[in-house]
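K.L.:
Structure incoming, see below.
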Amino acid sequence: MKKVVILGSTGSIGKNALEVIRKFPDKFKVLGLAAKSSVNILEEQIKEFNPQYVAVFDKKACDELRKKVKNLEILKGNEGICKLAKLKEADIILSAIVGAAGLIPTFEAVKEGKTIGVANKESFVMAGELIKKQGKISGAKIIPVDSEHSAVFQCINGCNKPYIKKIWLTASGGPFRGKKSYEIENVTPQEALNHPKWKMGKRITIDSATLMNKGFEVIEAHYLFDMPAENIGVLIHPQSIIHCLVEFIDGTYLAQMSNPDMKAPIALALSFPERLPEIVPPIDWSITTKLQFEIPDTEVFPCLKLAYEALNAGGSMPAVLNAADEVAVEAFLSGRLKFKEIYKIIKKVMDAHKIVSVSSIEEVLEADSWARKMAKKEIGE
């Protein structure tokens with residue numbers, strides 16, 4: 001039986017992971033749960049899964065939960081979450097905290113040499129090189145949870161790398177696929193949150209609408225699979241059935257396919273190298289009769305270009321990209337920024353940044369902090 005720690009248990013990935021665990025009580029035991037501030041959800045999870053360890057990032061929320069749950073030590077803040085990330089008795093750490101907040105706990109788990117299911121792509125966007133180096137030192141095992149990276153992981157597992165020519169990551173195209181630039185100038189947050197295929201958290205859904213999420217995934221794939229930027233492509237695939245294509249030097253391809261459901265890559269990460277039965281319904285080929293592919297329009301969705309630029313620039317720039325995007329998306333969701341202005345804010349922040357090489361997490365966080373302040377200044381906060 002695997003002992004599982006879930007960092008970000010009250011979010012979309014965390015809830016899906018607990019659904020998988022609920023279905024296979026003979027295979028998994030919840031050792032620890034960590035959340036930012038969703039006390040009511042976390043309280044219900046504690047009652048059902050009876051973890052030994054719990055951590056809450058937000059001080060006020062932690063104090064509130066301590067009043068409700070008496071028979072359990074509840075750890076507080078980033079320090080508490082990092083303690084869960086390093087638990088010696090944990091068989092796998094599921095890193096599912098959204099945004100830059102997930103970086104330090106993920107890095108601590110890597111330093112400890114843990115097996116980590118990484119759903120927090122921002123960790124690799126911000127500090128991919130550092131995580132890779134630390135992982136080689138500690139012997140940490142990283143299993144991707146993003147559907148596309150899980151797909152690549154499955155396709156290239158046991159494959160000789162020199163035979164791989166290119167990795168293609170697929171994207172549904174989001175709610176504005178096929179639109180002209182002027183048609184999405186004044187879209188509302190509600191329209192942008194209406195994703196046609198995936199049920200996800202708010203930030204990742206907006207990032208999917210701008211294609212920035214796919215840009216982040218390109219950066220993540222670069223570090224996970226040691227592929228240069230020019231060998232990682234993006235295809236719009238509105239059916240979201242094929243999650244990746246791996247192109248080989250002989251002109252052949254391998255694809256990974258399933259109905260779009262995050263429980264599939266989550267279950268694989270939790271159970272690897274085993275597979276669990278009946279996680280998602282099989283594809284109904286009597287209905288799925290057409291699979292489309294398109295090249296993304298980076299004139300309409302220029303955020304994808306910014307991600308490639310940040311990856312090629314290297315150093316502190318990917319961390320700046322992520323931080324500026326996080327601030328801009330938050331401003332859009334709260335009605336302080338138009339949809340097309342998300343790109344403009346990020347571009348201004350990147351243009352103003354003087355790239356520095358990063359050799360520590362502290363330097364990554366300095367770049368992150370600078371970019372947040374600059375983005376807020378550009379927004380007028």
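Cβ coordinates are placed from backbone N, Cα and C, and glycine is handled just like the others.
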K.L.:
Besides Thr10, Gly11, Ser12, Ile13, Asn120, Glu122, which of Gly201, Gly215, Gly233, Gly251 does Swiss-Prot list for that NADPH site?
P.N.:
Gly201
K.L.:
Among Ser138, Ser172, Ser181, indicate the single residue that Swiss-Prot lists for the 1-deoxy-D-xylulose 5-phosphate site containing Lys121, Ser147, Glu148, His195, Ser208, Asn213, Lys214, Glu217.
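P.N.:
Swiss-Prot lists Lys121, Ser147, Glu148, His195, Ser208, Asn213, Lys214, Glu217 binding 1-deoxy-D-xylulose 5-phosphate, and from Ser138, Ser172, Ser181 it also lists Ser172.
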K.L.:
Find the one among the binding-site residues Thr10, Ser12, Asn120 whose C-alpha lies closest to that of Glu217 (1-deoxy-D-xylulose 5-phosphate binding site).
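P.N.:
That would be Asn120, the closest of Thr10, Ser12, Asn120 to Glu217 (1-deoxy-D-xylulose 5-phosphate binding site).
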K.L.:
With every protein chain in view, what's the tally of Cβ atoms within 10 Å of the Cβ of Ile13 (NADPH binding site), excluding that atom itself?
P.N.:
28
K.L.:
Which ones in the same chain are close to Thr10 (NADPH binding site), with CB under 8 Å and 6+ residues apart in sequence?
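P.N.:
Residues satisfying the criterion: Ala35, Lys36, Ser38, Ile41, Leu42, Gln45.
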K.L.:
Please tell me which one of the binding-site residues listed here (Glu122, Asp146, Gly201) sits closest to His195 (1-deoxy-D-xylulose 5-phosphate binding site), measuring Cα to Cα?
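P.N.:
That would be Gly201, the closest of Glu122, Asp146, Gly201 to His195 (1-deoxy-D-xylulose 5-phosphate binding site).
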K.L.:
Give the maximum pairwise CA distance in Å, whole number, for the residues Lys121, Ser147, Glu148, Ser172, His195, Ser208, Asn213, Lys214, Glu217 listed as binding 1-deoxy-D-xylulose 5-phosphate.
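P.N.:
Output for 1-deoxy-D-xylulose 5-phosphate binders Lys121, Ser147, Glu148, Ser172, His195, Ser208, Asn213, Lys214, Glu217: max Cα distance 19 Å.
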